[in-house]
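Asker: Pasting a structure here, questions to come.
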């Protein structure tokens with residue numbers, strides 16, 4: 001019954017009595033399986049697992065047979081734990097770089113372990129990993145810093161509330177990015193799959209997963225590049241928010257990208273010997289991959305419309321569901337492809353690919369294989385699920401070894417007779433190598449962030465307050481400023497209905513009503529419609545806040561949101577907010593309300609300078625103070641973006657408060673056009689008091 005006793009050139013092997021699986025077709029023969037029934041409870045590439053199973057290792061690493069799956073589970077688990085802990089502790093640059101390389105690091109070790117590159121490591125690594133990473137860097141810079149560059153600086157707010165959508169961003173992030181990215185990921189794997197040494201379906205799957213994981217890693221690093229220039233650590237991180245983003249970068253994204261590309265490239269390779277090429281099966285797999293990427297990105301896009309941690313967690317869950325569906329689909333594809341290829345070979349009388357010869361053993365259960373068998377009769381594992389080293393050894397017909405001309409020096413490592421040979425694997429070594437790679441990558445990222453960060457507090461506002469004449473809203477010449485703190489508004493006296501604007505009751509409430517989706521999603525409602533009837537300010541290039549208050553709108557700026565007592569303007573890559581507080585207002589409450597509103601916008605690790613008072617050349621202003629702030633905005637799609645800004649707080653003679661603040665990406669200079677635009681808006685606002 002064992003292979004050495006089966007003569008070469010014999011008829012196809014017949015399952016011995018008591019066998020559970022047919023050695024040629026892999027069909028299940030056990031009682032209750034039913035003649036002609038589909039084999040669904042035993043995965044052809046790994047025994048003991050149903051086909052419909054979300055097992056990452058045996059799905060994405062089908063050649064990891066024997067004890068190897070447990071090794072890679074440990075490596076993957078420890079690899080994910082490292083960036084999660086770093087992120088929870090606030091080392092964001094370390095966490096995101098480490099998260100990006102988790103799956104690629106594990107996969108490179110896997111390729112080496114199973115000798116998937118057929119002793120040609122350079123072409124395989126460059127073709128499956130290097131090409132995908134390089135293409136990812138180029139294309140991600142194109143859409144992230146180029147096509148959506150203006151929309152990403154620093155964040156997109158829209159006038160439609162939390163669920164508002166800017167269709168240009170939707171088309172780029174949900175259509176252009178996933179479709180083009182999927183095509184780019186496949187370039188290297190398709191070239192490799194066209195070579196005779198790598199034309200097996202499992203080869204195509206392996207290279208597709210490797211390319212997808214590498215592409216995801218490069219994309220993650222590029223969209224989070226802001227962390228490596230000025231912002232790499234937070235003191236009090238929102239663990240739920242950051243861990244959700246890190247898990248998405250470490251696990252979900254590389255699995256979705258890798259599994260989708262693996263499906264397409266495996267379909268290109270086809271069932272039997274030789275690759276099928278661009279046939280209907282490939283285009284069907286390509287459509288599945290493209291659809292999966294679009295669905296994944298669409299879910300992230302709409303999940304990011306939710307507030308803060310909620311949006312991050314929903315995006316993570318959505319991505320996990322898409323990843324699970326892809327993994328199950330991939331398992332079904334491989335399982336039935338292996339069985340169909342074996343069935344076709346049995347019908348034509350041809351020997352299956354990698355059929356056993358001579359002394360051959362199952363890579364999973366280590367039982368002997370019948371001569372010419374394509375499956376183990378004991379566990380049902382396909383011979384194609386073994387590493388290339390094991391498959392090459394099992395194909396060798398060693399039933400009649402040649403007589404040795406001279407004695408061979410004995411070795412203590414010889415395989416005893418009757419014992420299945422095993423590939424050398426050391427779990428601790430593999431896990432340690434993966435963990436060390438991830439840690440080193442994280443340290444490099446954190447070191448880059450530390451070297452670039454100057455550690456300064458939020459910058460002093462670059463705008464100089466001065467009343468304007470001959471432009472924008474017109475006022476009488478400014479008299480001598482009232483002494484600070486000046487007169488205090490009488491809280492018992494109601495404001496005049498003609499002199500007091502209809503103001504927003506709370507800047508927190510106003511900002512909460514336009515809580516952004518995260519990065520890369522913005523919208524505009526065009527320019528203001530002009531002054532409200534009876535207002536004291538108005539022109540085609542001004543923003544009316546009501547009650548005579550308003551400010552000049554510079555050329556090229558757009559009004560994102562406008563209502564009585566509140567407005568948001570976008571231009572030159574930054575935002576300008578103004579909110580009025582009805583009398584009696586006080587600076588302390590205005591400052592607190594403003595900082596609470598900034599947190600409502602989703603700014604993480606908000607750092608604020610001490611408020612400072614300032615004299616304003618207008619007797620209409622009783623008190624004025626300013627402060628600077630900085631923080632970071634983040635999402636699964638847009639990455640992380642360090643931002644900063646400054647706020648001015650004005651208290652007028654009639655007790656009305658006005659809060660005006662700017663929000664922009666860190667690194668802006670005083671000669672930037674945005675600074676001039678904010679100066680125009682801020683000074684024209686003061687002139688309207």
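The backbone N, Cα and C atoms fix where each Cβ goes, and this holds for glycine too.
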Asker: Which residue range, 51-73, 281-303, 350-372, is the one TrEMBL calls transmembrane segment?
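Answerer: Here TrEMBL associates transmembrane segment with the stretch 281-303.
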Asker: Examine the ranges 9-28, 29-48, 309-328 and name the one recorded by TrEMBL as transmembrane segment.
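Answerer: Per TrEMBL, the stretch marked transmembrane segment is 309-328.
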Asker: Do you know which of 239-269, 394-424 TrEMBL annotates as transmembrane segment?
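Answerer: Transmembrane segment, as annotated by TrEMBL, spans 239-269.
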Asker: If we call contact 3 or more Cβ pairs under 8 Å (sequence gap 6 or more), are the transmembrane segment (124-145) and the transmembrane segment (205-227) touching?
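Answerer: Contact between the transmembrane segment (205-227) and the transmembrane segment (124-145): present, because at least 3 Cβ pairs are under 8 Å.
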Asker: Which residues of the chain, 6 or more past the ends of the transmembrane segment (281-303), have a CB below 8 A from one of its CBs?
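Answerer: Contacts of the transmembrane segment (281-303) (Cβ under 8 Å, skipping residues fewer than 6 from its ends): 170, 173-175, 177-179, 181-182, 186, 256-257, 259-261, 263-268, 270, 311-312, 314-315, 318-319, 322, 325-326, 329, 333, 517, 521, 635-637.
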Asker: Rank 80-112, 205-227, 309-328 by Cβ pairs under 8 Å to the transmembrane segment (165-184) and hand me the top one.
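Answerer: Looking only at 80-112, 205-227, 309-328, the most contacts with the transmembrane segment (165-184) come from 205-227.
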Asker: When you scan the chain for residues with a C-beta under 8 Å from the transmembrane segment (309-328), skipping those not six or more beyond its ends, what do you find?
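Answerer: For the transmembrane segment (309-328), the list is 52-56, 59-60, 238, 240-241, 244-245, 247-248, 251-253, 255-256, 259-260, 263, 292, 295-296, 299-300, 303, 517-518, 635-636.
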Asker: Below 8 angstroms Cβ to Cβ, which residues of this chain, lying six or more residues outside the transmembrane segment (80-112), approach it?
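Answerer: Apart from its flanks, the transmembrane segment (80-112) reaches 60-61, 63-64, 72, 121, 124-125, 129, 206, 209-210, 213-214, 216-218, 220-221, 224, 227-228, 231-237, 239, 242-243, 245-247, 249-251, 254-255, 258, 430, 433-435, 437-439, 441-446, 448-450, 605, 632, 640.
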